[in-house]
């Protein structure tokens with residue numbers, strides 16, 4: 001039990017907690033960005049979202065797909081697909097006792113790649129910007145997973 005308390009008290013775990021919180025908050029803020037785009041583009045996904053509009057015909061017209069709203073929504077979905085594995089694998093990685101500088105490199109590269117990925121996605125920057133940032137984040141998570149597997153399974 002004392003070992004677990006020591007691991008949670010470590011600088012690596014504190015660094016992980018900081019960076020995991022940053023990317024989870026970023027992912028949560030994407031829902032507000034989606035709402036902002038839905039309101040400004042007047043593009044809603046459900047009829048009940050248009051209750052402030054008077055006529056039924058106008059309400060039905062507002063239930064539509066807008067490319068800008070869909071772009072932000074897909075970016076949010078991409079965050080869900082990448083940040084959740086980072087948090088799970090990053091926690092396990094932090095508990096393996098890696099060197100602080102190596103752990104910080106992993107955490108910072110992942111967080112930076114997610115922020116650049118979001119900018120590239122929302123602003124529709126030309127490829128390969130978005131693809132490269134996605135790949136960097138994915139490689140970082142796989143690198144941490146490799147450390148977890150080699151430590152836990154002695155591979």
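Glycine is treated like the rest: Cβ placed from N, Cα and C.
What TrEMBL records for 12-37 (among others) is transmembrane segment. Long-range contacts of the transmembrane segment (12-37) within the same chain, counting only residues at least 6 positions beyond its ends with a Cβ under 8 Å from a Cβ of the stretch, are 43, 66, 68-69, 72-73, 75-76, 79-80, 83, 86-87, 90-91, 93-95, 97-98, 100, 103-104, 107-108, 110-111, 114-115, 118, 122.
Marked as transmembrane segment by TrEMBL: 80-97 (among others).
The transmembrane segment feature in TrEMBL is assigned to 131-149 (among others).
Sequence-distant contacts of the transmembrane segment (131-149), counting only residues of its own chain at least 6 positions beyond either end whose CB sits under 8 Å from a CB of the stretch, comprise 78, 82, 85-86, 89-90, 92-93, 96, 98, 106, 109-110, 113-114, 116-117, 120, 155.
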